[in-house]
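Right, one structure below, let's go through it.
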Amino acid sequence: MRVNFVLSEVATGLRRNLTMTVAMILTTGISLALMGTGLVIANMISDMRAIYYDKVQVSIYLTDDVTDQQRDAIAAQLDASPEVKSYLYESKQEAYQRFTEQFSQQPALVENTDPNALPESFRVELVNPERYSVIAAEFPNGQNGVDQVRDEGDFLDRLFSLLNGARNATIAVAVVQALAALLLISNTIQLAAFNRRNETNIMRLVGASRWYTQLPFILEAALAGFLGAVLATVGLVLTKVLFIDRTLAGPIRAGIIPPVDWGVIATISPIIAAAGVGLAAIAAYVTLRLYVRL
Amino acid sequence: MIELQHVTKVYPTSPRPALDDVSMEIDKGEFVFLIGSSGSGKSTFLRLLLKEDNPTKGTIKVNDKTLNTMSKWQVPKLRRTMGCVFQDFRLLRNRTVAENVAFALEVINKPQRTIRRVVPEVLEMVGLEGKAERLPNELSGGEQQRVAIARAFVNRPLVLLADEPTGNLDPETSQGIMLLLERINRTGTTVVMATHDYHIVDSMRRRVIELNDGQVSRDQSRGVYGVGR
């Protein structure tokens with residue numbers, strides 16, 4: 001295979017349809033950037049799961065007028081329960097301290113919160129997180145100093161279903177955009193093949209192999225796919241530097257949102273590059289087979 | 001070299017077959033004129049030989065290979081043993097004469113060394129030495145057809161198919177092209193030429209196969225264009 005020949009064909013092809021090439025690179029880039037964002041969110045979700053689910057499963061909030069006796073009774077009952085793996089007592093002061101840490105980026109909120117407004121609580125880790133109802137039954141709401149028992153897992157499930165929804169929506173948009181990119185690639189390749197029909201006709205007549213005739217077109221699409229992936233990676237890097245690391249800096253420091261490491265970007269970029277190159281090349285190949293006589 | 005047995009070709013868009021039960025044999029080294037009015041089946045015949053299309057019925061053999069059963073990936077190999085020349089030359093306008101000829105070798109992976117040796121040789125043979133660096137539109141029609149012939153012949157094909165190669169040329173220039181084709185024929189290459197040019201057919205006195213409505217109406221060695229002309 002004459003590499004120079006093939007490469008010069010690719011360069012001519014891309015130059016001849018500059019506008020189509022740019023459109024092809026941009027749509028591919030946007031689609032891959034969305035796909036990359038979806039992967040980043042997926043990654044964040046799994047990190048968040050690790051952070052949250054380990055910490056707490058059930059909270060028993062106490063009433064403001066709880067007596068020491070009632071508090072001790074609850075502690076004793078938790079000690080005795082076979083369902084409880086461990087528990088932690090959090091006083092009003094501790095709750096307020098945690099609150100100020102979590103919302104250190106929103107000083108107005110902290111200032112306007114009375115240190116006494118947050119209830120004291122027992123944070124309980126269960127042997128089996130699914131057995132929340134058993135604990136809830138043992139501590140009826142509004143009795144013996146218990147204000148309410150809350151399944152934090154349930155809250156987290158709702159939070160994560162929201163995050164999963166965001167991830168799925170991003171990926172769905174990425175798929176639609178990818179479809180547009182593939183159609184555009186197919187169109188560009190048809191146009192390129194039409195522009196070079198003299199060359200390809202002659203190649204066919206003098207007995208150039210099918211592969212030799214098709215390769216420049218496939219490489220052309222693959223190159224556009226690759227440039228799209230580069231664009232998408234640049235987009236992801238900018239998102240990390242300008243949005244995640246800056247706007248979300250507070251919640252990340254407070255441990256609410258896990259940070260996005262460079263390692264994640266480094267893992268995702270080759271994936272989107274492979275997807276970009278692969279899909280573009282396949283789209284080009286299928287187009288040539290279906291629509292173009294070579 | 002070329003063998004057709006009961007070949008019929010029906011296009012889906014036309015009720016009448018383009019070729020209707022055609023059988024013939026063309027030996028190695030023959031020079032054959034294929035004549036007949038427009039729509040008589042000459043172009044279909046050439047297309048089938050190149051396996052650009054498959055016959056509806058019958059078998060075609062070229063160089064002892066049956067085209068009907070040939071798989072797609074073997075077609076390029078077949079075409080490397082055949083050269084083609086057309087009425088409209090089909091040169092690449094943005095490439096020089098030498099590049100046009102070299103293109104045919106490059107795309108079938110001939111080494112650069114061979115290309116550098118063979119291209120000047122064939123250009124000299126067709127009488128275009130000194131014009132290697134010209135672009136096609138700087139040449140006359142006759143010269144352009146010589147480039148096309150050089151390109152078709154540079155790989156030393158067993159068969160040269162020419163579809164009205166003199167159709168766009170004046171009689172004198174046509175004469176020159178015919179001398180060139182004759183010379184190529186003398187090297188042992190089988191030449192099949194579809195034409196309407198009766199001056200040429202009459203003066204060359206070679207084998208003439210006439211097609212009429214897709215059927216062979218005449219097959220005559222040392223023939224002329226038309227009886228009673």
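Cβ coordinates come from backbone N, Cα and C, glycine included.
In TrEMBL, annotation is done automatically, which means it is predicted and not curated.
Record features, source TrEMBL:
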TRANSMEM  A:21-45  transmembrane segment
DOMAIN    A:56-149  domain 'FtsX extracellular'
TRANSMEM  A:169-194  transmembrane segment
DOMAIN    A:172-289  domain 'ABC3 transporter permease C-terminal'
TRANSMEM  A:215-244  transmembrane segment
TRANSMEM  A:264-288  transmembrane segment
Average pLDDT across the domain 'FtsX extracellular' (A:56-149), rounded to a whole number: 83
Helix, strand and coil totals (DSSP H, G, I; E, B; other) for the domain 'ABC3 transporter permease C-terminal' (A:172-289): 101 helix, 0 strand, 17 coil
Beyond the flanks of the transmembrane segment (A:264-288) by 6 or more, those residues with Cβ under 8 Å of it: 28, 32-33, 35-36, 39-40, 43, 178, 181-182, 185-186, 189-190, 193, 214, 217-218, 220-222, 224-226, 228-230, 232-233, 236-237, 240, 294
Helix, strand and coil totals (DSSP H, G, I; E, B; other) for the domain 'FtsX extracellular' (A:56-149): 39 helix, 22 strand, 33 coil
